[in-house]
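**Student:** Pasting in a structure now, in structure tokens, and then I'll have a few things to ask.
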Amino acid sequence: MNRYLVTGAGLLVLLGFVCALAVVGSRRSGGDEGRVAASDGGYAPGHREGIDLSAGWLWNGLVRWTTTTDHKDIGILYIVFGTVAAFWGGLDGMMMRLELLTPAADVWSEATYNALFTTHGLTMLIFFVLPVFFGIGNYVLPLLIDADDMAFPRVNAVGFWLLPPALLLVRAGIFFQVGGQVLGFFLPPEEIALLLSVEEVGVGWTLYTPLSATSENPQITTLLLGLHLSGVATTVGAINFIATVVHERGPGITWANLDILSWNLLTTSAIALFAFPLLGSALVMLILDRTFGTAFFAVGNGGPVLWQHLFWFWGHPEVYIIFLPATGLLSTILPKFVGRKLFGFRFVVYSTLGIAVMSFGVWAHHMFVSGVDPRVKASFMAISLAIAVPSAIKTFNWLTTMWDGNVRLTAPMILCVGSIGTFVVGGVTGVFLAAVPIDVVYHGTYYVVGHFHLIVMGIIPYMMMAAGYYWYPLLTGRFYDRRLARFQSWLLVVGTTVTFGTLVVLGLLELPRRYANYPAEFAPLQQVASIGAFLIGMAVLLWLYNMVWSYWHGDPVESGDPWDLKATDQFTREWQWFESRLESRYGMQPTTPDAVRPSATADPDAGSPQFAKGVGSLAENTGRTVAGGLLAGFVGTMLMSGALFAAVAIGVFDTGSFAELAALAGLGDSVALGYTVFLLGGTTTWALLFLALQEYLPGRLRVGTGLAYATVMSLGFMIAFYSGQTGLALVGYVGFALVAHWLYGFGLAVVLEFLELRRTRRL
Ligand code: HEM
Ligand SMILES: [Cu+2]
């Protein structure tokens, strides 16, 4: 099968699909409702303009979109570009999964498979993720911080327009190759020898030298130039975001109340600003090696390892560059559908900043099998393990935000919860990989592919789609099809789990990655993974369908607060902007909520208690409980001692038992020491154990619970100290053990009950 035909046909079908939807949409909506005249950026709410194919309309559209410097327009351009790249890279992914349905390399050739995972990785990481996040940021960040536009609107446009040529350069191999084949019908091969020597690049997205430095394929150089250009575009965008957040904040927006998405975009931009120039330098060095005969990466002076250091010094921060905006979106969207403010806001910000700093100290964990000094490896292992902490802090804060909340299971919320789940599995598998001995075994296996896809698929596109749903009313003035969206979200979560969960298992079975063929015994699992991938593909198409279709057919919004955010005091600035726009354009009056949601927190600090306060009250609680337990245990032990002394007096109990107890504790045959052990154990161990277990013990009354506990405990003692009694002696022994323990349980329970009643002031 010729893959170029398939790629081409795939892209064409996609384009046709979108065009057809657009045309049908315009027909149905009839265009009778008058047009919104001049654009002021973004889409007009309630937009009903159909597609009119007159020259004037097309020309106006072309001029508007190619010359715009409005942040909302540029945001949309970024999002559309990133989505196109995602479909192109996603098509590569689907083609790989198609190949992997069978053990042999029978659908595509091995070389093609290599090209597929190279272009898939690069397109997804560089041209899909950051452009979409920059797009979302462009659209909403100025609204969130009350700025008129980005700090440098023209630079913003330049930053965007560098991207399409960069993508074309990176992926030009396919055009040159197809062009060469077509021209080959008309021209002699000598004249188009250069074209014919071009192939798509198959050296892997990490471009490891020496292969990438010595391979003849001229397309590698074009690809390096394209990547360099994309790096310039990213740096430009990052500078713009930093300048905007620092200098364009409206009055009243301080660092302390800057919203969480802006914090994340700011941090991401800062990481990008430090990481991308390094990639740029490395790329230039590689281009020089390839074309001007320099020897930076030559084998013999350690060059290949130098490339790896330079590449991963960018590469690992890049992981966080693409991940942080997703967490920012999750922290923004999740609270809206829970009705509670983000828990521990400040700690989410600190953890974001912590990740930014630490992300520059972990790069060599990608090189644990590349001949790095073991002492160096150990330090990278330590930081790689430590970087899990700030991510875990975020996760716990999300969970705590949901706790006791009034959860509305809308499509964006399903995606948020799904993200947390896949992210936790993806993250924890990463913590394992950070350990050198584990990485040495699993580095080259599907375990790695499963691990990082659970994150790059499981949180990044999820949050993009969630953002698409959440802000859809604001972008278009309409609602998306909510039933379809919920189905789509579930399908996506199921597809991702099936695909990448299976890859983790394949990796644990040590199946190597980056091969088109594999031993036949892995076929069933590989097929499961491929089926999961096709489910993902379907879910993504359904999302696209919903976004495009609802643009013409969705229910129009009826107020500026379609998510009922006012009821929980979360009507944030971008929605306020939307509401005022609806009012000024369409005379829609602002709404007031009927009721405040039960889980809403009116006090802005209530949702995020200060950490120190939280620890303080925890410590206080624990202290009080332990002190109460010790006191109760002591009283119980004293009551029991009374029974013991009485028993000694009437000769039922032998003090020798205390000596046995001391011997059992390894202290020798001493009655005094035995009694001390008894006192200490009774006061501490048994009392604290009772407190720890009380929820699992029967009975609502504390006294009942205490007696039940004592009964169970006494059985242990009877067995431990049974010394061959029979008949009446045995009955006496059992009765005594029970009564003595009951006294203990009674003392324990009554004291605890008394303390509790006093605390709640019922006494
Ligand atoms: C539709 C969902 C996706 C599918 C089915 C998919 C599938 C695959 C497959 C089959 C491989 C090659 C594994 C191998 O042979 O070693 C791969 C590699 C890769 N994927 Fe994806 N992928 C998807 C989404 C993504 C996304 C969203 C990203 C990034 C944002 C991404 C980034 C990468 C990268 C960087 C590699 C290279 C791994 C390596 O270095 O070995 N993928 N993917
Ligand atoms: Cu890394």
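Along the chain as shown, the residues are counted starting at 1.
Placed from the backbone N, Cα and C atoms, the Cβ positions cover glycine too.
Quantities reported herein were computed from a predicted structural model and do not represent experimental measurements.
As annotated in TrEMBL:
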{"type": "TRANSMEM", "residues": "6-25", "note": "transmembrane segment"}
{"type": "DOMAIN", "residues": "53-563", "note": "domain 'Cytochrome oxidase subunit I profile'"}
{"type": "TRANSMEM", "residues": "74-91", "note": "transmembrane segment"}
{"type": "TRANSMEM", "residues": "122-145", "note": "transmembrane segment"}
{"type": "TRANSMEM", "residues": "263-288", "note": "transmembrane segment"}
{"type": "TRANSMEM", "residues": "320-338", "note": "transmembrane segment"}
{"type": "TRANSMEM", "residues": "347-366", "note": "transmembrane segment"}
{"type": "TRANSMEM", "residues": "378-399", "note": "transmembrane segment"}
{"type": "TRANSMEM", "residues": "528-545", "note": "transmembrane segment"}
{"type": "REGION", "residues": "588-608", "note": "region 'Disordered'"}
{"type": "TRANSMEM", "residues": "630-653", "note": "transmembrane segment"}
{"type": "TRANSMEM", "residues": "673-693", "note": "transmembrane segment"}
{"type": "TRANSMEM", "residues": "705-724", "note": "transmembrane segment"}
{"type": "TRANSMEM", "residues": "730-755", "note": "transmembrane segment"}
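How about a rundown of where these features are and what they're close to?
**Tutor:** Outside the transmembrane segment (74-91), and at least 6 residues removed from its termini, the chain residues within Cβ reach (under 8 Å) are 7, 10-11, 14, 42-43, 65, 68, 119-120, 122-124, 127-132, 134-140, 150, 156-157, 160, 163-164, 167, 171, 461, 537, 540, 544.
Within the same chain, residues 260, 263-264, 267, 270-271, 274-275, 308-309, 312-313, 315-317, 319-320, 324, 327-328, 331, 372, 376-377, 380-381, 383-384, 386-387, 389-391, 393-394, 397, 433-434, 439, 611 sit at least 6 positions outside the transmembrane segment (347-366) and bring their C-beta atoms closer than 8 Å to a C-beta of that stretch.
Beyond its flanks by at least six residues, the transmembrane segment (378-399) meets 327, 330-331, 334, 342-344, 347-348, 350-352, 354-355, 358-359, 361-365, 368, 372, 416, 420, 423-424, 427, 430-431, 434-436 of its own chain at Cβ-Cβ distances under 8 Å.
Beyond its flanks by at least six residues, the transmembrane segment (673-693) meets 625-626, 629-630, 632-634, 636-637, 640-641, 657-663, 665, 667, 706, 709, 713, 744, 748, 752 of its own chain at Cβ-Cβ distances under 8 Å.
Here the transmembrane segment (705-724) has long-range neighbours at 657, 660, 664, 686, 690, 693-694, 697-699, 733-734, 737-738, 740-746, 748-750, 752, meaning same-chain residues at least 6 beyond its ends whose C-beta is under 8 angstroms from one of its own.
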**Student:** Hey, does the transmembrane segment (320-338) touch the transmembrane segment (122-145), meaning at least 3 C-beta pairs closer than 8 angstroms, sequence gap 6 or more?
**Tutor:** yes
**Student:** Over the domain 'Cytochrome oxidase subunit I profile' (53-563), what is the model's average pLDDT?
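**Tutor:** Mean pLDDT across the domain 'Cytochrome oxidase subunit I profile' (53-563) comes out at 93.
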